[in-house]
C-alpha cells in the first residue's frame, strides 16, 4: 500500500475510533457538549475547519483516482489477449483488486467524515434540547408552586371572608 493510501486508511481508522467514542452510552450528551465548548476544542475547530475541507477535497480526488484505476484495469482482459501469459492476468487482477480496495477505503473515509460531522451536530443539539427541557421543567415547577401558594392564599382569604360575613357582614364571596 502506498503512502497516500496508508494515510487515507489511517484517517479512516481514526474516524471509526472517534465514532465509537462518541457512541459510548455512559458519556452523556451534556458532557460531550462541555467538551465541544472547551477552549482547546474551539481552537481546534477554528483552525481545523480549513484543514478538514482540504482533507475532504483530497479524499474526493483520491476517490476519483481509484474509480479511474478500476476502469483502467476492469476491461484489460477484453482489450488485450493475455491467454499466453497467465502471470499477466494475475498481475492485472492484482492491480484491479488494489484499485477496488483503494476505492472502498476512500469512499468509506468520505462517508465517515460526513457521518462524524452529523453525529457531532446531533449530539450538540441533543445536549441543548436536554438543557432547555430541564429549564422548562424548573419553570413549570416554579409556576406550579406559585399556583399552589396562590390557591392556599385564596382559601385563607375565603375563610376570613366567611368569618367576617358570618359575624354581621352581608356580602358573600364569589
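Here the Cβ of each residue, glycine as well, is placed from N, Cα and C on the backbone.
Per TrEMBL, the features are:
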- 1-135: domain 'BAP29/BAP31 transmembrane' (DOMAIN)
- 6-28: transmembrane segment (TRANSMEM)
- 40-64: transmembrane segment (TRANSMEM)
- 103-120: transmembrane segment (TRANSMEM)
- 133-160: coiled coil (COILED)
Surrounding residues of the transmembrane segment (40-64) on its own chain - C-beta under 8 Å, 6+ positions past either end: 4-5, 8, 11, 102-103, 106-107, 109-110, 113
Residue counts (helix, strand, coil, in that order) that DSSP gives for the domain 'BAP29/BAP31 transmembrane' (1-135): 118 helix, 0 strand, 17 coil
